Amino acid sequence: MLTFSFLTLFPELLAPFAGEAILGKARERGLLHVNLVHLRDFSDNRHLKVDDTPYGGGAGMVIRVDVAERALASLPPADEVILLTPAGQPFTQAVAEELAQKAHLAFLCGRYEGFDARTEGLVTRELSIGDFVMMGGEAAAACVLEAVARLRPGVIGDPESHRTDSFSSGLLDYPEYTRPPEWRGQSVPEVLRGGNHGAVARWRREQALARTLARRPDLLPGAALTPQDTQTLLELGASAPQLQAWNAPPPPPPRRARRVKKNGGSEQSG
Ligand SMILES: C[S@@+](CC[C@H](N)C(=O)[O-])C[C@H]1O[C@@H](n2cnc3c(N)ncnc32)[C@H](O)[C@@H]1O
């Protein structure tokens with residue numbers, strides 16, 4: 001069981017995500033637990049205020065550290081206390097895989113100008129979901145919930161799909177097709193309809209490499225490339241210095257040409 005505790009001023013924003021079909025079923029089956037904690041319950045004033053003006057002046061309000069501290073103290077011990085902030089560590093698939101190993105994750109969702117800077121001393125890490133600024137941490141928390149929960153055993157139907165997901169394999173995922181086989185002049189690639197599993201696997205790997213090279217070459221240094229991948233990348237137009245920078249292994253030795261025998265069989269040339 002993995003417990004997600006979300007400390008927020010807007011628990012109603014996170015409730016639909018936690019109740020979504022797959023996550024809802026995973027909760028019913030006891031694989032996940034979602035705990036929505038209202039920060040206002042930890043205000044110490046009769047107006048239920050949790051924020052105050054910033055020292056030094058300036059626009060906006062800041063959430064008080066003592067409110068965050070009391071809210072966190074109300075929880076059972078968490079393996080990680082995560083502050084969602086644009087200034088945090090970038091949230092990636094590798095971070096999602098790490099978090100999916102834990103038993104209890106607590107998230108502080110900010111609003112306004114965010115939390116008092118001293119809140120950083122109460123957390124184990126700070127996460128950002130990208131180089132942009134949203135109004136609050138709830139959407140960021142929902143992203144982390146979705147990405148982490150689907151990695152837990154039993155949450156999604158086919159665990160094999162994780163293996164080829166974008167980023168898990170170090171590459172972007174290959175393109176997928178379904179019916180109809182022809183649509184507005186565009187056909188599903190013939191290889192996917194031929195039933196040759198080896199050819200399908202080779203085609204998919206080549207497509208994953210081509211997409212990654214074209215769209216996210218920055219991922220290639222972290223991908224576990226094989227000599228055959230190096231050969232494919234060379235054929236796709238990658239240069240030798242690029243391959244060297246990505247630590248790509250040398251391409252496989254060229255196949256020796258087959259010589260056709262007079263009796264119709266073939267033999268290796270040598
Ligand atoms: C308006 S933002 C505060 C932005 C802050 N003044 C700054 O520039 O870093 C309010 C809250 O939204 C959340 N938030 C906004 N963008 C985010 C992002 N890219 N990743 C994670 N959380 C984010 C954080 O919890 C933040 O405290």
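Using N, Cα and C of the backbone, Cβ positions are placed for all residues, glycine too.
Here is what TrEMBL records for this protein:
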BINDING   G110, I129, G130, D131, F132, V133, M134  S-adenosyl-L-methionine binding site
DOMAIN    3-220  domain 'tRNA methyltransferase TRMD/TRM10-type'
REGION    235-270  region 'Disordered'
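Features recorded in TrEMBL, as mapped to the structure shown.
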residue: G110; record: S-adenosyl-L-methionine binding site; DSSP (3 states): coil
residue: I129; record: S-adenosyl-L-methionine binding site; DSSP (3 states): coil
residue: M134; record: S-adenosyl-L-methionine binding site; DSSP (3 states): coil
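Checking the binding-site residues I129, D131, V133 against ligand 1, the ones with a C-beta less than 6 Å from an atom of that molecule are I129, V133. Sequence-distant neighbours of V133 (S-adenosyl-L-methionine binding site) (same chain, six or more apart, CB under 8 Å from its CB) are P86, listed in sequence order. Mean pLDDT for the domain 'tRNA methyltransferase TRMD/TRM10-type' (3-220) in the predicted structure: 96. Taking the Cβ of I129 (S-adenosyl-L-methionine binding site) as reference, residues of its chain lying under 8 Å away and at least six apart in sequence are, in sequence order, L84, F91, A139, A140, C143, V144.
The local packing around D131 (S-adenosyl-L-methionine binding site), expressed as other Cβ atoms within 10 Å of its Cβ over all shown chains, amounts to 7. Look at the Cβ of each of the binding-site residues G110, G130, F132, M134 and count the other Cβ atoms within 10 Å; the largest number goes with G110.
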